[in-house]
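Below is one structure, written out as structure tokens; the observations come after it.
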Amino acid sequence: MSAARVGVVTFPGTLDDQDAARAVRLAGAEAVSLWHGDHDLKGVDAVFLPGGFSYGDYLRCGAISRFAPLMEELIPAAKSGLPVLGTCNGFQILCEAHLLPGALTRNASLHYVCRDQRIKVESATTTWTSAFEPGQELVLPIKHGEGRYVASADTLEALEANGQVVFRYVGGNPNGSLNDIAGISNETGTIVGLMPHPEHAVEDLVGAPSTDGLGFFTSILKKLVNV
Amino acid sequence: MNTDSVKRAAETPDEAMPFAELGMKQDEYDRVKEILGRRPTSSELAIYSVMWSEHCSYKSSKVHLKQFATKAPESEALLVGMGENAGVVDIGDGWAATFKIESHNHPSYVEPHQGAATGVGGIVRDIMSMGARPIAVMDALRFGGADQADTRRVLPGVVEGISSYGNCLGLPNIGGEVVFDPCYIGNPLVNALCVGLLRKDQIKLATAPGPGNKVVLFGASTGPDGIGGASVLASATFEDESEAKRPAVQVGDPFMEKLLIECCLELYAADVVVGIQDLGAAGVSCATTELAAKGTGGMHVDLNLVPLRDSSLRPEEILMSESQERMMAVVSPSDIPAFMAICEKWDVPAVVIGEVTDTGRLVMTWDGSVIVDIPPGTAADEGPVYERPFHEPAGQAALNQAVDLPRSEDLRATLLQLLGSPNLASKEWVTSQYDRYVRSNTVLAQPADAGMLRISEVMDGATPTNRGIALATDGNGRYAKLDPYAGAQLALAEAYRNVAVTGAKPLAVTNCLNFGSPEDPEVMWQFAEAVRGLADACKTLGVPVTGGNVSFYNQTGTAAIHPTPVVGVLGVIDDVAKRVRSGFLEPGLRIALLGETREEFGGSEWAHVVHSHLGGLPPEVDLVAEQGLASVMVEAAARGLVAGSHDLSDGGLAIALAEACLARGVGATVSLVGDPFVDLFSESSARALVAVRPEAFEEFAALCASHEVPCYGLGETGGDALVVEGVLAISVAELRDTHTKTLPALFG
């Protein structure tokens with residue numbers, strides 16, 4: 001059987017694409033580079049939208065990226081079930097593209113914050129979190145200036161009711177997110193967005209003092225192998 | 001509007017030119033006239049005035065900086081030395097590292113956010129122009145007193161500028177310094193360091209050889225920023241059309257810089273670049289004169305082709321504009337299509353603005369007339385050189401008189417007072433605003449003694465190895481004020497030690513020399529002494545200076561800053577898995593103090609915090625002891641003997657112990673043999689704290705003995721408090737509370 005192929009998207013200003021590709025390879029999958037300007041998903045089995053400052057985050061984080069040629073392919077594919085994980089800027093892009101509800105705004109502190117953050121797994125049923133246990137605590141780095149998750153009261157209520165809140169901050173909310181939300185999914189659990197960075201927590205030697213990020217990649221591999 | 005052409009200049013030899021407004025002296029202006037055999041055009045005057053400025057020409061410092069070359073130790077590692085955009089060092093396995101530190105002090109005072117941001121941008125482009133991928137940044141920062149009102153304006157702006165620019169580039173910020181002292185209140189220091197990585201055989205140089213090769217300007221368009229004096233020129237000779245004040249501080253666009261990085265790396269990989277230079281201070285003037293001077297000697301440029309973001313710019317302003325995110329490349333005509341295609345892929349505007357010639361002249365045209373016609377070397381390399389007079393400051397002897405300062409009996413309170421003081425308190429408020437993880441190669445970052453990066457996988461196609469580099473910057477203005485010769489050596493010794501305690505072998509040096517006005521003989525003495533001290537110490541330690549930067553005029557009225565030589569040291573470690581982390585990582589480890597402790601309180605943090613006193617002499621410099629200590633630490637790391645380490649510096653053993661406990665929340669119990677006050681707070685150099693597994697202690701002690709490094713067993717790690725038997729006991733929780741609350745309380 002050939003290795004699962006996970007696409008890693010590079011927009012102008014994407015920063016964590018090499019890190020994401022390395023994490024995909026460490027988990028045993030093939031990392032496939034996807035370029036923002038191409039109308040081509042290269043037949044990948046899943047897509048990782050990494051962090052960074054795509055298009056300089058000018059106008060609004062993710063607001064320009066959602067119109068990239070690649071997104072014209074990705075949005076319908078994701079709606080049809082292609083698994084997509086967006087971290088940080090990737091999460092912002094998923095919200096701007098309306099693949100996930102709500103929005104990410106300036107941190108309550110008005111400062112960019114980089115730290116090792118504890119989060120709790122609220123849903124282990126999504127395509128990207130099945131390797132975790134519900135209630136499990138992870139340590140992943142966060143590094144963002146605009147990670148405060150906001151949504152209307154109705155949307156929040158629906159997210160909570162449907163089990164679409166995937167991660168919650170514990171040990172202190174770093175950005176003022178409503179309901180301490182660190183990550184959410186779509187209704188079917190194929191699309192997940194979160195502010196923390198699993199790709200920076202996959203090796204003992206570098207990055208955060210944990211390898212908790214590996215679970216995201218083993219989750220998707222398990223899913224792809226079982227499909 | 002009239003253009004001041006060469007023809008017109010020849011016809012109007014007596015027309016008065018505003019050289020004084022551009023900071024040029026009468027004799028310097030006379031020399032320009034002598035070189036050209038006529039008066040310069042306004043555009044030529046623009047070029048000479050910026051190229052011969054202190055900032056670009058090093059005219060006051062050159063005669064002293066020579067020592068970095070004449071006294072340079074033999075080093076097989078040095079691939080490119082001083083004089084290029086940055087030095088390059090061989091780090092093994094075919095890899096080379098290039099690194100440099102540079103000041104952006106004055107702009108950061110005027111406009112803290114943009115000043116600091118563009119400081120990062122400038123040093124990153126220096127590293128790119130060597131053919132390297134930038135892989136990390138660090139910042140050495142100095143601010144006025146933490147409680148002074150203007151510090152609350154300057155510090156948050158500087159930190160935000162570094163944060164927004166560096167984070168957006170995707171470069172991990174792995175270390176640096178934040179120091180407060182009232183002497184910097186009107187002259188904060190922002191020294192930005194960048195390190196890059198390249199294959200040894202891929203070094204690019206700033207040169208324009210080969211007549212017929214094209215000169216390409218690429219990156220951002222040219223605007224009216226950072227122009228400073230040029231608007232004087234543009235409005236003095238002509239009607240007052242461009243009367244509007246041009247902003248003197250540049251504005252950065254980190255997104256464009258990120259595109260430039262990726263674009264340049266792809267251009268290098270495609271091998272379509274003959275020579276390259278970044279546009280920093282003095283913009284197009286600097287890039288064209290330096291490229292031409294180092295190449296075949298001639299260049300023809302049509303200034304009308306420079307893409308402008310303000311069409312009202314005059315040629316003098318275009319020449320002096322310091323608009324950010326621009327690069328200039330020399331490209332063979334046959335490679336132009338490939339070059340342009342790569343720029344287009346990355347949405348980087350690129351325009352051919354001229355070509356290399358063999359005339360030995362730099363010629364520029366504007367609207368069809370020749371406005372510049374000069375021998376480029378006269379602007380780039382043959383600027384004025386000053387032997388500025390210097391003498392020891394009148395009050396130096398009195399300053400060096402030791403004063404007996406009262407010592408409190410309550411050493412617990414003294415420790416907490418120091419630990420919570422702004423200079424020793426946790427800098428997390430600052431460093432948490434920097435991304436330290438991006439690129440996933442960060443092995444160590446602040447608050448570790450040195451930053452460390454794994455270098456595998458940085459470049460496509462490279463053989464993965466576990467090789468790594470470590471970097472630290474240090475500098476103590478109080479020490480340098482008391483004795484600039486020793487102060488510069490102590491800065492080097494500390495950075496060298498900080499690299500070594502992580503297990504990396506120190507290899508090379510960069511420096512940023514921040515001083516007051518060179519026209520003040522007392523300041524000039526400080527400068528001369530600091531350079532002499534640094535050059536001597538580099539020779540003894542066997543680490544060459546590869547490049548750096550001088551920043552003069554850090555002075556308000558007659559009040560100069562403390563002389564502040566900031567020294568960066570780069571080291572290499574064969575296997576980053578063997579790095580030694582900072583502090584006490586687990587209970588049950590034996591704690592040892594390496595090195596000798598003397599009663600040394602001149603310039604100490606204790607005298608500063610408790611008595612607001614600066615006097616006496618700084619700690620004694622012992623470079624042989626530093627070398628022995630470094631050898632022990634490097635070898636112990638390679639043999640896996642050490643489970644944690646920490647450099648001793650500001651605040652002495654007391655602060656080192658407290659910080660080591662705070663690293664992982666592991667306490668320690670130690671006993672002292674000498675006078676507890678001296679043992680705890682003296683700042684003697686060449687010392688480090690180590691934590692060793694009991695079973696390895698004997699072997700470690702033997703290693704120390706073989707290098708004649710004193711090794712004193714102090715006690716053991718464990719528990720939830722720092723206990724100094726018979727002297728003090730403080731819970732780790734109280735240490736943490738004291739250490740972390742200071743900066744948030746000051747800056748929100």
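Heads up, the Cβ atoms here are built off N, Cα and C, so glycines get one too.
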Let me know which member of B:GLY144, B:GLY145, B:GLY468, B:GLY548 TrEMBL also records as binding ATP at the site of B:TYR58, B:LYS100, B:ASN511.
-> B:GLY548
Among B:SER456, B:SER517, B:SER551, B:SER582, TrEMBL assigns to the substrate site of B:SER103, B:HIS104, B:ASN105, B:HIS106, B:ARG125, B:GLN250, B:GLU322, B:SER323, B:GLN324 just B:SER551
Can you tell me the mean pLDDT for the domain 'PurM-like N-terminal' (B:449-573)?
-> 93
Measuring Cα to Cα, tell me the gap between B:ASP278 (Mg(2+) 2 binding site) and B:ASN511 (ATP binding site) in whole angstrom.
-> 20
Could you give the residue numbers and ranges of same-chain residues that sit at least 6 residues beyond the domain 'Phosphoribosylformylglycinamidine synthase linker' (B:20-59) on either side and whose C-beta is under 8 angstroms from one of its C-beta atoms?
-> 4-6, 8-10, 12-14, 65, 229-230, 232-234, 236-237, 281-282, 285-286, 289, 315-316, 319-320, 364, 366, 371-375, 378-380, 383-386, 518, 550, 552-553
Counting only CB pairs under 8 A, let me know which of B:83-197, B:210-366, B:586-720 has the most with the domain 'PurM-like N-terminal' (B:449-573).
-> B:83-197
Out of the binding-site residues B:TYR58, B:LYS100, B:GLU102, B:ASP126, B:GLY548, give me the one sitting nearest to B:GLN324 (substrate binding site) by CA distance.
-> B:ASP126
Secondary structure of the domain 'Phosphoribosylformylglycinamidine synthase linker' (B:20-59) by DSSP, residue by residue, totals 25 helix, 0 strand, 15 coil
Cα separation, B:ASN549 (Mg(2+) 1 binding site) to B:ASN105 (substrate binding site) (Å, whole number) = 12
Pull the DSSP breakdown for the domain 'PurM-like C-terminal' (B:586-720) and write it out as helix, strand, coil residue counts.
-> 55 helix, 26 strand, 54 coil
